[in-house]
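Heads up: the structure comes next, in structure tokens.
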Amino acid sequence: MKNSLILISILICALVLRIWQINIFPPKIASTIVIYRYLSAFINTLSIIVLFLYAKKEMHSAKKALLSSFIFSVLPWSVVQSRISSQVNNALFVLLLMLLIIQHQHNKIIKIIIFLFSIFFICLFYPQLWIIKSSVFQIDLKNLVSNIFFLTSSELFFFINPTFWWGGVRDVGIMYLSFTPLLAVGLYLLVLRKKYQIFFCWSVILLISAVSPLFPESQEYYLVLPFLSVVTAEGLYRFWHHKSLLLRSILILIILSFVYEMAQFMHYYYIHYPVQIINNQEKIHEAF
């Protein structure tokens, strides 16, 4: 019961972040259909629920699952993509749903069938996927290595977002800088526990994003957010449950830093981002 109430609280906060003045921010352009923004917010919120169910079974802990859901709900990319007409949100939901269903299947043939159907639905609901849109596919090893380094760089993770211009605030990266120690500890612990599925999914998405001929404008890397959330939640859980007074003191500083960073993100989103949109309306050619 307690976990259910916490999850409901997370969902309420997530909905407030996603639908408050959604018809005003970001500014509407000629191609804007407001109902699509609400649909995107709804699908993203459903993804929070599916992520909770997936993480609960994968991590064998409802508390870690709640932390994963909360972290995902407040990540900059998650917030901004849920407030626009975003097809990649559809792909994220299908991906998480596929993983959740596969978790509960023991028959390998059924797992393969589910996987193939999921690929079909991802392509159906995310027609912007570069594999569908691009008629020419050529791997340049030099560019591939360069793109991988960039996609795993601290610059992209914490400071800038050049990967899909109109879907995110340029001044904010994938995650909050204050999450760095949590992410590092989470990575270490999950490697020790041999949670390879999380790293496999992350690696596949990384590779698909890096080889995209549309890079850095492709949106596929957005799909790593749930896995980053699970890793960060593992680190946060370990910090909180450690008996060391030093680690708990560090965690308090991390939380205070996170609150500041989120306030800063909101400032960028509601003050600077609308100016970027208004000044560059002629460059936006897709639903927004």
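Placement of Cβ uses the backbone N, Cα and C atoms for every residue, glycine included.
Annotation comment: TrEMBL describes 34-55 (among others) as transmembrane segment.
For 88-106 (among others), the entry in TrEMBL reads transmembrane segment.
For the transmembrane segment (112-132), the residues of the chain that approach it from at least six positions outside its boundaries are 87-88, 90-91, 94-95, 97-98, 101-102, 105, 208, 212-214, 218-220, 286, judged by C-beta separation under 8 angstroms. Marked as transmembrane segment by TrEMBL: 112-132 (among others).
Look at TrEMBL and you will find 144-167 (among others) tagged as transmembrane segment.
For 173-191 (among others), the entry in TrEMBL reads transmembrane segment.
What TrEMBL records for 198-215 (among others) is transmembrane segment.
Remote same-chain residues near the transmembrane segment (251-271) are listed as 25, 74, 76, 79-80, 169, 171-172, 176-179, 181-182, 236, 239-240 (criterion: CB distance under 8 Å, separation of at least six residues from the stretch ends). TrEMBL lists 251-271 (among others) with the feature transmembrane segment.
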For the transmembrane segment (173-191), the distant same-chain contacts (Cβ-Cβ under 8 Å, at least six residues beyond its ends) come to 71, 75-77, 155-161, 198-199, 224-225, 228, 230-236, 238-239, 250, 254-255, 257-258, 260-262, 265
Contact set of the transmembrane segment (88-106) with the rest of its chain, CB cutoff 8 A exclusive, min separation 6+ beyond the ends, reads 40, 43-44, 46-47, 50-51, 53-54, 57-58, 81-82, 114-115, 118, 121-122, 125-126, 128-129, 167, 197, 201, 219-220, 222-223, 225-226
